[in-house]
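Enquirer: Dropping the structure in here first, questions after.
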């Protein structure tokens, strides 16, 4: 018995310990429930994903998105991806101290990242807050205690500021993803020395400076993505010391020099991305030693010399993009000798024949040889590539006929052979290419009839057969192509009438049959009721009973506007105007005005605007507008208005506070002046730079209540491509509007005041056009008409992204009729729609579309909308339209683009700009349609690239 006492005592002690330990476990479980319930109350849950989370249920382990430790019952995982949760990141998360995984990606959570998130959750291994709306800077405190974190993703948010150097102290970090934010400054030192780091993604930010060295310490690194930043200098010479690298992307930065020789040691590298930089010199032959390469991107650099044959040693290569460089020589034989799926050598200086060997590997899906000097015929062996989806041979010197076997390529989606020297007929076998979405054959010498079999290409979206010698009638089978959006048959010898079946095309945006021999009635559809007459001009006579039986004349009557003359502008608008002037006159075709409803009224309106512009140019140098405030007013004491002045900042902690408005203005910081007022840069008390617009039409401004109501409406506009209105100041004699300050200046200066070295690239111009279109679309969706769109009202942020400014100001000025408004915004005359001068025509968002069209042409040509000569005026719209009709469009393009302009992209954009400047408002597309068209211009190639990523 005595021998058993120690065993009994031991059992009692164990039982007592269990009883003592039980209450804390229950308490901890209660804490987890409480934290989750508080988390639920702190966010909006429109999909009801958290409906089962209630304080009445003490078993959170069964709740959706919640995971627990089977032994302790503690909450260890919270995963709610794509749940549409919104609101600020709840602090209740900090109470889940047993959490090892927190995943809330693809929601709408906002506000800053909680500084103590990692410190309060010491067991957290994985944190994923990507694809939310988190903003502000990444707090340095976040990485103060981060030794346990292994995977961290804050990608695709709106984070700003620098990357905290303390991130290099997170010794357990395996994966770090901070991509697609607005992070700036240098890459912190020490990142490469993190012993466990395998993946680093800092792409899509605003990082600058050089890339720090130290790669020899990167013993575990597998993937590095630094693309789409502003990093400069040379690629680090020791990059090859990270021997285990599989993926390396330095693309779309500002790197110079060449490829460092240490790269040859990366024999296991599968992806090398260096496109979109300023790398130069020859591509070294040792690149063939990187035998594991699967994807190689050297596009958009300054590489020269021959493309190395040694790339043939990369037997696993499936994608090679060497486009937009200065490579010379013939097309490398390995293009058809490796299992490549995508090859682009577009935009180089390659020449010679394209030779396809009999034993070619036929794996290609994308082949782009455009914009080179290839000659001779298109090799018929190309049709053996049955899997080919994208074939671009444009802008070369190919001769002969189009191989009939093209029709057997049933997966081909894009075929572009434009701008070559091809002849012969379009083979009827083309109807077999049933997957075709784009067929571009313009600017060749094709002859014969357009085959009716083209109607079998049921997926066709864009059809361009322009600038050829096609004859006969337009086949009625085109009416079967219900997906068609763009058709260009101009500059041919087509005859007969337009098929009535064309009225079956519901998605049609552009249908250009100008410069043919067509006649008869237009098809009966809404599109053809409103078709711009430039798309029908120079035919035998196309008529429409729905347009008062008006036929399109063969030869336009010339009108020459001379705003510098003191006589009536009509005096020089007749065909008998003198021809011995020293300056070339730009002819404005009556056919571009005849389609206007009440055309005579609109023409008079256009003349009135021209006269107003002439008078304004004379009077501007003499005096300011009578209602404007003098500069001396800025130096007066603000005491008279201090009692009634009201400064309101939207989104601040205190919604309203009083101050003298004059304190915000500094003549030395004036940024510019426009028709509605001057703009100044100022710094608020919190140190934030802002742009202040002083309205110089105070006697015409609405009452205080109406003014405040309208401004608050404008302040709710939030879009990436619209300048945010942050506040306003009001007195009876002084009104100020407070906007975000954008350091990149305005588009007008970038286009007309920059040197050739600093001029905008094609890619930047396209992105600006698309960004402005998106911004205007957002304004129109909110019922806001800009009224005053011009290049000086398009501002650029530090990343070159465009933002539309000065929107909706006319709503603040109800006493201004449209004639006075015209005089107030004389600087925008070239952008103003004709209906602006006609009181009988309603002003709609289509006036913004007109201004956008002019802006498009200005961006692509680098010319001002209206240029005044000694005797005449050059109107940009008509200059470009004439150049398009005469086949000399490239002469109009901005010479600073220096040959980098891809006409296959530029041409539809130019035509879109001309459509937007139609004289008839109903003929203009809405901005949503414009955005769709612009995105379509790039979509085939982009989608092909995305597919192979």
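Cβ atoms are placed via backbone N, Cα and C, with glycine included.
All annotation found in TrEMBL is predicted automatically rather than curated by experts.
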Enquirer: For which of the residue intervals 559-585, 586-612, 613-639, 640-666 does TrEMBL record transmembrane segment?
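Expert: In TrEMBL, the transmembrane segment feature sits at 586-612.
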Enquirer: Would you mind checking how many other C-beta atoms are within 10 angstroms of the C-beta on residue 694 (ATP binding site)?
Expert: 25
Enquirer: Once the DSSP letters are reduced so that anything not helix or strand counts as coil, what is residue 694 (ATP binding site)?
Expert: strand
Enquirer: Take every residue in the domain 'Protein kinase' (665-937), average their pLDDT values, and give the whole-number result.
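Expert: PLDDT averaged over the stretch: 79.
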